[in-house]
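Engineer: Okay, handing you the structure first.
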Amino acid sequence: MGQTKSKIKSKYASYLSFIKILLKRGGVKVSTKNLIKLFQIIEQFCPWFPEQGTLDLKDWKRIGKELKQAGRKGNIIPLTVWNDWAIIKAALEPFQTEEDSISVSDAPGSGIIDCNEKTRKKSQKETESLHCEYVAEPVMAQSTQNVDYNQLQEVIYPETLKLEGKGPELVGPSESKPRGTSPLPAGQVPVTLQPQKQVKENKTQPPVAYQYWPPAELQYRPPPESQYGYPGMPPAPQGRAPYPQPPTRRLNPTAPPSRQGSELHEIIDKSRKEGDTEAWQFPVTLEPMPPGEGAQEGEPPTVEARYKSFSIKILKDMKEGVKQYGPNSPYMRTLLDSIAHGHRLIPYDWEILAKSSLSPSQFLQFKTWWIDGVQEQVRRNRAANPPVNIDADQLLGIGQNWSTISQQALMQNEAIEQVRAICLRAWEKIQDPGSTCPSFNTVRQGSKEPYPDFVARLQDVAQKSIADEKARKVIVELMAYENANPECQSAIKPLKGKVPAGSDVISEYVKACDGIGGAMHKAMLMAQAITGVVLGGQVRTFGGKCYNCGQIGHLKKNCPVLNKQNITIQATTTGREPPDLCPRCKKGKHWASQCRSKFDKNGQPLSGNEQRGQPQAPQQTGAFPIQPFVPQGFQGQQPPLSQVFQGISQLPQYNNCPPPQVAVQQ
């Protein structure tokens, strides 16, 4: 069955030793014989399993599914194989993160190692220790690449190798020496640290914490009253903090340094104690310098750029609002507008807001329209007189001069306002999944749709499809009349082109259409139809419209203009005018051959021809016409009734079949 034990052992030598050490660290001992048996079964039913092994939990779950399918088909799977498979799968679960791949280039000050502590509350345990375990991120993401498990063992379990005189130096509770950043050896797998929880078996023994300290320029000394750390974890060394200091830069470099405010530190301390470690964004705020620390006398006061963290409640509201109502719902637009105008958001903050609340496809749309808006704004800045010195890198927060938060904090107010307008505009163009943006020309008012609802839909579509504000306003005013229903058009028509300067055209249209479709409006229409009065400066006529002259009050056949034309044509063709009234209808001066009237002057219907012939008697239809029976001798006179019945009795009687012939015996 499968390959031999020696081949399996030589093929997976390094992987088997790594699995044994991994299980041993978890408190489970598995014999090499059982592991070889497991890999024999895997070789037989899972030929896709890589030769160098895998640490991806998804692959081991797939192995379990395929082994179950093999068991259902009648193959015998030993019980020890199931036990070993379950143990290995459970041992690999701590290596899986919420996102299977974490970029190691985002670590501040180091591209190799980043340790980020997290904690969670448990009802059964009052205190827990925090232990940072190394996670081989590229191995989990790409389990088929060549991996040296001996080097990986040195990275994952340094404290075991420390006892043997190898591995990196540990930073204990009483040591304050930070860990340096050395280049990776050739062939070593880059790793990133992911926080994992472990409940202490022996509470009397203090845990060992492996911490990464950021560079000195990103650190600050906490205030004396602040206490960092979690229950069951030793405090951080003096002068070090387990998270970097938000950069603080002055807009006036010549001003002397001011006292470092404690408000920012208090916010960070509070969020850290509450477990809010995922929302440390810092919108820029400009605060006036204290007296004596700003500019000299006679100079304008200086301000200092500081960061204040976003509340986690804002990010949660943004995420829930987008999920429940959509990114362009009235609630989300109002919330985003209040955040945008209530904070001095830099490009980094806009990217954080979009990433935390939008789906990947929606964020891609936002980023695309952001870049498109930046290109348009840069063209306007260059065409201005004088040109505005704001480039695309500054509006996007990229490049050598604007890629960091501290550099973006120094952006001028004009650049901040341009970024705000561009990002709000890009957010409005985000479409919900499965929806398409219709053309503004196809937005029409329904027969029973209120006029304000129609205008709101029209403005929303125009805002997404037309970038120029002036052009959008003209299109909305035009379509608000052209695409309205007939009732609203008749109400708006007296106002078209006559709205006073300074007044909003759409507002005047909405006022004119107020109440259309209601009971009061229907009653007014009925009253106007009966009395023909003029109400509200609007003439309501319900007569027919002439298709010849376009006037109201008569039809084309009664149009006086058409009759005059006919008379002129007749006089031209015949050379003479009709002498008198039509002899056929007696109500018009025209020739009888041209009379098209169906009724005369008295209202009597007229036939198609002037004279009709004698009506013909109805003809009898049938095979045998009925002839009256008259007995002989009474021709020309009425015979007696007895003679009539006697004659009828002498008529031959026929049935459907002839009478039967009865033979008479002699």
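Cβ atoms are placed via backbone N, Cα and C, with glycine included.
Sharing the features that Swiss-Prot gives for it:
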COMPBIAS  232-247  compositional bias 'Pro residues'
COMPBIAS  604-622  compositional bias 'Polar residues'
COMPBIAS  624-640  compositional bias 'Low complexity'
LIPID     GLY2  N-myristoyl glycine
REGION    165-264  region 'Disordered'
REGION    598-641  region 'Disordered'
ZN_FING   544-561  zinc finger
ZN_FING   580-597  zinc finger
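Provide an account of the burial state, proximal residues and distances for the features listed.
Structural biologist: Counting same-chain residues at least six beyond the ends of the zinc finger (544-561), those with a Cβ under 8 angstroms from any Cβ of the stretch are 596.
Summed and averaged per residue, pLDDT over the zinc finger (580-597) gives 84.
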Engineer: With DSSP, how much of the zinc finger (580-597) is helix, how much strand and how much coil, in residues?
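Structural biologist: Secondary-structure composition of the zinc finger (580-597): 3 helix, 0 strand, 15 coil.
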Engineer: For the zinc finger (544-561), DSSP counts of helix, strand and coil?
Structural biologist: 5 helix, 2 strand, 11 coil
